[in-house]
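According to Swiss-Prot, the protein carries these features:
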- CYS571: active site, nucleophile (ACT_SITE)
- HIS880: active site, proton acceptor (ACT_SITE)
- 205-328: domain 'Rhodanese' (DOMAIN)
- 562-923: domain 'USP' (DOMAIN)
- SER443: phosphoserine (MOD_RES)
Amino acid sequence: MEQNIISTIRDECIRHRSKYLTIAQLTAIAEAKINEFIITGKAKDQDLSSLLDKCIDILSIYKKNSKDIKNIISCKNKGAMISSNSVMIIQLNYVYYKVIHIIVTTNIPHLSEFAKIKLHKSTSDEGNGNNNNNEFQLMNIYNTLLETLLKDENIAKIKSFIKSSIKQTKLNHEQEECNLMRTGSYITSNQLNSLISSSANSTSSQMEILLIDIRSRLEFNKSHIDTKNIICLEPISFKMSYSDHDLEKKSLITSPNSEIKMFQSRNLFKFIILYTDANEYNVKQQSVLLDILVNHSFEKPISDDFTKIFILESGFPGWLKSNYGSQVSSSSPSNNNIKDDSVYINGNTSGLSLQHLPKMSPSIRHSMDDSMKEMLVAPTPLNHLQQQQQQQSDNDHVLKRSSSFKKLFSNYTSPNPKNSNSNLYSISSLSISSSPSPLPLHSPDPVKGNSLPINYPETPHLWKNSETDFMTNQREQLNHNSFAHIAPINTKAITSPSRTATPKLQRFPQTISMNLNMNSNGHSSATSTIQPSCLSLSNNDSLDHTDVTPTSSHNYDLDFAVGLENLGNSCYMNCIIQCILGTHELTQIFLDDSYAKHININSKLGSKGILAKYFARLVHMMYKEQVDGSKKISISPIKFKLACGSVNSLFKTASQQDCQEFCQFLLDGLHEDLNQCGSNPPLKELSQEAEARREKLSLRIASSIEWERFLTTDFSVIVDLFQGQYASRLKCKVCSHTSTTYQPFTVLSIPIPKKNSRNNITIEDCFREFTKCENLEVDEQWLCPHCKKRQPSTKQLTITRLPRNLIVHLKRFDNLLNKNNDFVIYPFLLDLTPFWANDFDGVFPPGVNDDELPIRGQIPPFKYELYGVACHFGTLYGGHYTAYVKKGLKKGWLYFDDTKYKPVKNKADAINSNAYVLFYHRVYGV
């Protein structure tokens, strides 16, 4: 088998003209070998025992090779050359791992013998016969293999090696292309990025690349390409008659010494890259500089054999529009020496402003009912927060924040005093000039009852943009047919951290920022003959909305109901779409297209808007059919599913999937597409000193600070609507030392406790199980940094931030994919106040006071109203998904089953034993 795989890998390398194969290519080889050795021929009749033996044999080879791979990777990290034989061993080992993984996780679970053994294990607690002993041994072997795969540390290193090697190969190829180019040629942003990356990793004694920015020093200081060796040569500082000596002695006379030294070494660089902006004079001077360096370098002649001079195609504007537009830096004075953790050490919060939050967020229309008025004067949980400020009659009155937190959002414009209204409650969270805001809302005047805008100062109403502008932006921002180049969005058990930027509440609860929630609100055989494997988007497909005419003044009926066709086991997708569209705030921004203005094509984890725009298209199609149709109809979400599959291959085929995983993927993907901070650098880890100080703070304060740090890298409307946070605290039983991490969530997965024969299980029981203090087993004990060894320890989760819309996943499947069918009783009105961290003790970090930490809507009580239930029937391998969704007072609850939907006669039907994912939104005054 080994020689066969090696031969296949070599053939593929020759075919692709590459020393390395990609992860996808190696996975395809593994799948082919499984078909060849496991499924076809004589292997077709192999039983569970034979498959397990095959896996054990392959695993032993994998483990043996892993020892050699550690040495290979270690040598590579030290800069040593890697032989072709070593590369083959690494690629071979990946194929071995993938073969075992596919057999254990896919092939074996589909064996009838495996299903019978699981059934016997779950239904029989008696008997010790040979058959049962044999079955027990087989299951032990299977579980051991599965655990070995999950805990294997080598595969991550192998994948990292393969990916980095492929990246380096690509860089080398592009650099070779540059080596063949002549001085004076134009290079693309891709080629420049390759040269910069190659230079950063180069071990050569020759200096690699020097960039010369031909713009004014002011523009250069504002923003320039981020690289080590770069100088600014102002276009006005030289002329055609200059030589290289004149450039050094005259043009650079006021430049920093570091730039002068770089220019003095210009003839030692392998590449010199010139770039400027679109200014006509600057472009002309760029040509003049090229001529000086090539033809008038008398003091230090530049040889084309040693140093090549290129011009950046499309200049700096082209670089900004490219995939590397985020790789820019500023030379202006800054606080770059301030660490992210300085807020804990000396109370300096200005470090957070280094990563800019967006100026705008999507606008959402909504009305506040009378229950909100009561909340506006409710007390806050922090001792130092005062009651609501009296209404100000002066229209120029603007509430401000104090101390260093004013710097946090210093890039935003102040609100226009003319937009203020003396009849509105003076809510600082809606008028702070220096804070970003998540969502502008509409709320009635508490005196007149009229619908007046509550203005987030920096956020215009997006629906005022014309449809023409929207369509233009669509075409400019996205090539809809570039699915093949989309990086996958990896769905996690709890979605990737995402944050919102809701402004600070001053003196009283921030409830209006939460009032968006005031609105009420599969695994089956295919019901369609369409084969997903045949589905494709033609080159003519585009995301136009010519079939819909959204206007700024249109009053959408957000409670529309339309069925969705099953494309082959796609009920898992249909039920989640129906529930998600029960979230009025989200539906609104995709109907009025205000989302489009916030697509961030430079977001590192986004799909360049593919997912968001095809989701918008689906919402428009559903709304149009509901509006125009006179009877119950359904539509096909085929193109949306294709878009999902292009982003994550898990949803590409017609195989069965978990609806909660799709829910996490969808919200995570929409967030990344709309993430206004998606190109910001990641947060630095806290120093030991900062972490020690954080541990002394209450969860209430520490979690607020961590949320503020979070905001600097992730901010979108998805975050603002669905994001929460919990704390995970480890505690040593010997010395009582603690360590706490703060984890954001979009879908909160809670366990189902064991059923007490006397009592039913409630969702509150599940939350108690989720937040209980857990004693860690011997093999899970924490390595206490204070004791410097593993000690008896505990772990406890605490919810520190509850979102506007809470999605709860009932964990019905265990690690062996067995389903817990116990009836979990969940109410229409859920109170989670007891589970929210409310431990504020009056202690703040040094130098920080109560005026500086935003509350961001975290004011109890936390009551939630049910508006959606995704139900699962059957097993994970053969079941079906449906949904109950609340569609307002007029339509009430509807039951969705793919293409079919019907009113629910008794709303109590929404409370049922098949509930799997629950959708709640926060309500007030109840």
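From the backbone N, Cα and C atoms, a Cβ is placed for every residue, glycine too.
Within 10 Å of its Cβ, the residue among the active-site residues CYS571, HIS880 with the fewest other Cβ atoms is HIS880. Between the residue listed as 'active site, proton acceptor' and CYS571 (active site, nucleophile), the C-alpha separation comes to 7 Å.
Note on the domain 'Rhodanese' (205-328): DSSP counts are 51 helix, 25 strand, 48 coil. When secondary structure is read from DSSP and collapsed to three states, CYS571 (active site, nucleophile) falls in the helix class. For the recorded site, the residue listed as 'active site, proton acceptor', the DSSP three-state label reads strand.
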